[in-house]
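J.: Got these off Swiss-Prot a minute ago, pasting:
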BINDING   Asp9, Ala11, Asp183  Mg(2+) binding site
ACT_SITE  Asp9  active site, nucleophile
ACT_SITE  Lys50  active site, schiff-base intermediate with substrate
Amino acid sequence: MKIEAVIFDWAGTTVDYGCFAPLEVFMEIFHKRGVGITAEEARKPMGLLKIDHVRALTEMPRIANEWNRIFGQLPTETDIQEMYEEFEEILFAILPRYASPIHGVKEVIASLRERGIKIGSTTGYTREMMDIVAKEAALQGYKPDFLVTPDDVPAGRPYPWMCYKNAMELGVYPMNHMIKIGDTVSDMKEGRNAGMWTVGVILGSSELGLSEEEVENMDPAELREKIEVVRNRFVENGAHFTIETMQELESVMERIEKQELIIS
């Protein structure tokens with residue numbers, strides 16, 4: 001079996017180490033309403049279409065109960081829409097600062113292209129958001145062959161439609177000749193639902209939630225423990241393989257191709 005295409009996520013996988021761009025904004029829009037949410041809570045739905053992310057936060061029992069205590073009712077669709085509009089406004093202003101390719105990504109992409117492998121991408125960002133991120137990333141040397149946003153398909157993750165559209169545009173079939181790689185639980189579900197080899201990348205991921213500086217300065221034993229927690233989370237949610245850095249991706253591809261593995 002030959003791998004013909006790799007479909008990458010964006011924030012936390014190929015750009016924005018640690019996926020920090022949306023994190024503070026999610027926390028801020030709730031804080032402004034007197035409802036404090038933690039970074040861990042804010043990260044949990046990461047990878048979803050952003051309005052679905054806001055909705056998922058309002059459905060978390062602790063957050064819903066706190067909202068009900070303050071406002072005397074649960075969050076409404078109007079509340080969700082208002083928060084999402086605020087989220088967009090703030091995020092658009094900061095996105096250009098969070099579009100730098102993660103270390104090693106450009107080199108891996110170049111190596112894949114030398115092997116004739118096509119490069120696709122999916123995201124939880126809207127097309128308007130990605131117009132900003134993709135433009136800035138391209139200026140810094142990262143540009144996949146194709147990009148699909150949730151706006152382009154009936155629904156975003158965990159549905160497989162963005163992966164299917166990549167497959168059609170890249171001209172690759174069957175789906176088990178493709179790899180989906182990402183940094184969130186929703187990425188793992190998206191890849192699995194699409195019938196693709198699914199890989200979770202740990203360092204730089206939203207699931208790990210650490211900056212490069214934090215990774216560098218953390219006690220090695222503590223860091224190893226956190227890495228293993230994320231690894232297990234990926235596997236529990238469908239990952240066929242996990243890698244700590246993007247540089248390990250090609251060895252995963254070789255395992256698939258040489259051992260003639262079958263997706264289960």
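For all residues, glycine too, the Cβ spot is worked out from N, Cα and C.
Keep in mind it's a predicted model, so treat the numbers as computed, not measured.
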J.: In Å, rounded, how far does the Cα of Ala11 (Mg(2+) binding site) sit from the Cα of Lys50 (active site, schiff-base intermediate with substrate)?
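T.: For Ala11 (Mg(2+) binding site) versus Lys50 (active site, schiff-base intermediate with substrate), the Cα atoms are 13 Å apart.
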J.: Once Asp9, Ala11, Asp183 are set aside, which residues in the chain still have Cβ within 8 Å of the Cβ centroid of the Mg(2+) site?
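T.: Nearby residues not in the site list: Trp10, Gly12, Thr13, Thr14, Asp16, Cys19, Met46, Gly47, Thr123, Gly182, Thr184, Asp187, Ser205, Ser206.
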J.: Across all the protein chains here, work out how many other Cβ atoms are within 10 Å of the Cβ of Asp183 (Mg(2+) binding site).
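T.: There are 32 of them.
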J.: Looking only at DSSP and grouping its letters into three states, which state does Ala11 (Mg(2+) binding site) belong to?
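T.: The residue in question, Ala11 (Mg(2+) binding site), is strand (DSSP, three-state).
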J.: Which whole-number value in Å describes the distance between the Cα atoms of Asp183 (Mg(2+) binding site) and Lys50 (active site, schiff-base intermediate with substrate)?
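T.: A Cα-Cα distance of 16 Å.
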J.: Below 8 Å Cβ to Cβ and six or more residues apart, same chain only. Which residues does that give for Asp9 (Mg(2+) binding site)?
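T.: Spatial neighbours, sequence-distant, of Asp9 (Mg(2+) binding site): Gly47, Ser121, Thr122, Thr123, Ile181, Gly182, Asp183, Thr184, Asp187.
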J.: Among all protein chains shown, how many Cβ atoms are found within 10 Å of the Cβ of the residue listed as 'active site, schiff-base intermediate with substrate', not counting that one?
T.: 23
